[in-house]
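**Student:** Just lifted these from TrEMBL, have a look:
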| type | residues | note |
| --- | --- | --- |
| TRANSMEM | B:15-33 | transmembrane segment |
| TRANSMEM | B:39-59 | transmembrane segment |
| TRANSMEM | B:66-86 | transmembrane segment |
| TRANSMEM | B:92-115 | transmembrane segment |
| TRANSMEM | B:122-140 | transmembrane segment |
| TRANSMEM | B:171-187 | transmembrane segment |
| TRANSMEM | B:217-238 | transmembrane segment |
| TRANSMEM | B:258-284 | transmembrane segment |
| TRANSMEM | B:296-317 | transmembrane segment |
Amino acid sequence: MDFANFLIQLLNSVQYGLLLFMLAAGLTLIFGIMGVVNLAHGSFYMIGAYLAWYFTSLLGSLTLAIVLGTLLAVAFGWLLEWLLFRHFYHRDHLDQVLLTFGLIYIFEEMRSIFWGDDVHAVQVPELLNWSIPLTDTLSYPVYRLVMSAVCIVLAIGLYLLISKTRLGMKIRAGAFNRDMTESLGVNIRLIHGVVFALGVGLAAIAGVIASPIASVYPGMGSSVLIMCFVVVVIGGIGSVRGALVAALLVGLVDTFGKVLVPQIAGMAVYMLMALVLLYKPEGLFKQ
Amino acid sequence: MSTAKAQLEKLPRSIQFVLALGAIALAAFPLLPIAGSDFYLGMLSQMMILAIFAMSLDLLQGVSGLVSLGHAAFFGLAGYALAFMTPADAPIALWWSLPAAALAAGLAALIIGFFVVRTHGIYFIMVTMAFAQMVFFLFFDNKALGGSDGIYVNFRPDATALGIDLESKTVFYYFTLVVLIGLYFALRRLLFSPFGRVLAGIRVNEHRMRAVGYGTFGYKLTAFTLAGALAGVAGYLWAAQTGFVNPELMGFHMSAHAIMMVILGGMGNFAGAIVGAFAFEYVMHLFKDMTKHWQLLMGGFIVLVVIVAPRGLLGLIDRYSKRGGKA
């Protein structure tokens, strides 16, 4: 592998890692703060991607689709939290597993009813549809770089929100001791709604911005969900910092695994996970 | 965590009555005129096989409190074991291939269990799933192992040494029924053995069990291995019945279905797993016949069950029979 090729793979793996981080951060936040196991998290990614495709083909603009798609997905998440999830905070994890598995069925079928079972492609917007030359023969698409930049901005935003703002302080306090925080006058109900919508929003944005480079297809949620689990387990459940490190690690192993040892590419990340668990049974950054 | 769900560990009369009725119905079914079509025999055989699979998971999920989202790996592995053992031109003897397949699944469970039983709660759920995915991709990505298309089992196992011919649908049906009932009683026996009591103790409070002096790691690993081997028995029968194995058998959805069957029926007593497997499959067939959007109904059904029947169908039977008794 020459240097330019290596660089491309490196950029690809970082970009994939950042995308995974957006998904895993939402999953781990929802679990860490509300104690809810959400198997339907992958469905929000799928919904984001389908909304992006739908609005792009309707309005002809990905930028508009991103805004509308994200807003709709967040609103949907908020509604779902209010209708269903808030009744399950104190229930057994198993009940949550069952509930969210039922939801996967429902979302998949709704997707099929509304948007059909075809595979769709989303056009990269004109403005970003060009490449940066690396060598005479190799170049790298700008859209992927912009995508990574968006993920980085959102990750920093998330970090600032949780560690620096008043809302973030309340979120952390609520995760640490719910009853105490509530008796200090914090509206935990509202905080939970915000965190859930935030998690759903992150997953949906990931789906929206990934839509032009990964095609939009039925069942796209479940494969991504499983990857999210791996990231969350490696990073340590509930830890956003762990999710970032683990997502980048998984991105690297997956991308270079496919290039260097295609025979075991599908297994590579799971092997990484087993290795990590052997030394750190509770993940790299235990909360 | 699951104390509320273990109330039916000792089954009340009403539920024993329902189970006995079910067993009689299953035994009598092939004698009915409707059974003339092989379709229903095959469908019921599959339900019984899934009931065995669900029971094996209940040993982990309901008895020991270890919720595995990767149990299908062992189910599928044993199916593949049968497919690989069967030669291209002749059937294989049942009396050693069934134990061999179960042993292979048990061995895989021992290895995977070594990694996973050290984790707890939600970690356990996710880690078991990840290991199952590893097994899934091992078969999915390798043409030598059949790849994504899977492989055929050329012949049904040969049980003429036992004096029966499994090629006959009816004989296979009764064979599966006997295995199901035999394993049910064996597992019930196990539940109230010292080993089963320790597992139940681990479910209720593992720290306390360790403080009392039990090596909980060993107990959990044994349970995981045993459950894997039993899932292997089910997977072997599945492969023998359908004559075909593919990676889907080991996939995420298969594992999740097993979990749902156990929860649907009621956990921790093995009877619930059987009831859950039959109910789940029946409802699914029903919805599939009704509409092509059956997933919507199935999802709604699952959500409804979580909301209204937290102790599963056996819990419902118990509640209503008690209410009836008082009136």
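Any Cβ shown, glycine's included, is placed from N, Cα and C.
The structure displayed is predicted, hence computed values, not measured ones.
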**Student:** State the residues, same chain only, that lie 6 or more residues beyond the ends of the transmembrane segment (B:92-115) and have a CB under 8 A from a CB inside it; answer 'none' if no residue qualifies.
**Tutor:** 70, 73-75, 77-79, 81-82, 85-86, 127-128, 131, 135, 155, 157-159, 161-162, 166, 220-221, 224-233, 235-236
**Student:** State the residues, same chain only, that lie 6 or more residues beyond the ends of the transmembrane segment (B:296-317) and have a CB under 8 A from a CB inside it; answer 'none' if no residue qualifies.
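**Tutor:** Contacts of the transmembrane segment (B:296-317) (Cβ under 8 Å, skipping residues fewer than 6 from its ends): 4-5, 7-8, 14-15, 18, 260, 263-267, 269, 271-272, 275-276, 279, 283-284, 287, 290.
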**Student:** Could you give the residue numbers and ranges of same-chain residues that sit at least 6 residues beyond the transmembrane segment (B:171-187) on either side and whose C-beta is under 8 angstroms from one of its C-beta atoms?
**Tutor:** 23, 26-27, 29-30, 41, 44-45, 48-49, 51-52, 55, 59, 156, 159, 164-165, 230, 233, 237, 240-241, 270-271, 274
**Student:** For the transmembrane segment (B:66-86), name the stretch out of B:15-33, B:39-59, B:217-238 with the most CB-CB pairs under 8 Å.
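**Tutor:** Highest pair count goes to B:217-238.
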